[in-house]
């Protein structure tokens, strides 16, 4: 009696309160949510089936229904074309099929079957798993011997938790897959690993793998450690090349400037006019009876003779202007102007010069006129 009562209670709980199932599937795959009953065949005209979804925010929506011999599955654009009954729901299998899965399909599903006053409920908790997106590998630090280098990778999306794992990819036989001995993993940020005190043996390929229940994705980064001395030599060579190029450019520029200056001077030399040059002066030429006397007066070899000749010429000029004598030349001196500088002065006859010298001067010193040159 007790056993029969227990079986009745179990059947009542299953038939009335329904069963509970939890299913995990990966996004983009297909899933079938179970729901079975035995209420369809006797009175199929009164059979009603309804699937409801309660999302993680507590909002409930109708997914698909069967009523009055019609199936309705276009209640929302989110499920349109992706939901359907998996089998013959009139024969007792009202399972729901969803393909392809989306993260928004996650939630608690309720299957309600009603016929002739009898009800059956089924509950399915669906978890949609999303694979990690392809992680991005990055490096922080200097790739030189003795320095520290940080490797980091992270996936932008995926179902939590995501586990990260760094390893070395062997490129040659005998290389170890493990990280260098002085590597440290940041447990607060599993995607970060610190390579301390780099050596040449630290060079190689490093792979980061991000994984969860849905799958794995990975990325690869190459580490190339350089000698400190080689870096200095490269920097020195580059500096020397730059300095040499600048020196050559400077020499070429100076040569071009020098040639331009010489060409400019050659072009301007014929047209050069000196502004500080003195204007040509008129010369006063003394007539002479003989060539030797003329040459002597022009040369001016003695300052005393020049002074005496100058006084004598002044007296002769004044006496000639005051009392001209017949037969005498009206001009004892000839003025040579700049425009006729190249002409020879006129020679005065010796007799005329003798008469002029013998004529006494009767004009006072105050009334003497000077001839401006």
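Cβ coordinates are placed from backbone N, Cα and C, and glycine is handled just like the others.
The feature transmembrane segment, as given by TrEMBL for the ranges 153-178, 179-204, 205-230, 231-256, sits at 231-256. Mean pLDDT across the domain 'Ig-like' (135-224) comes to 91 in this model.
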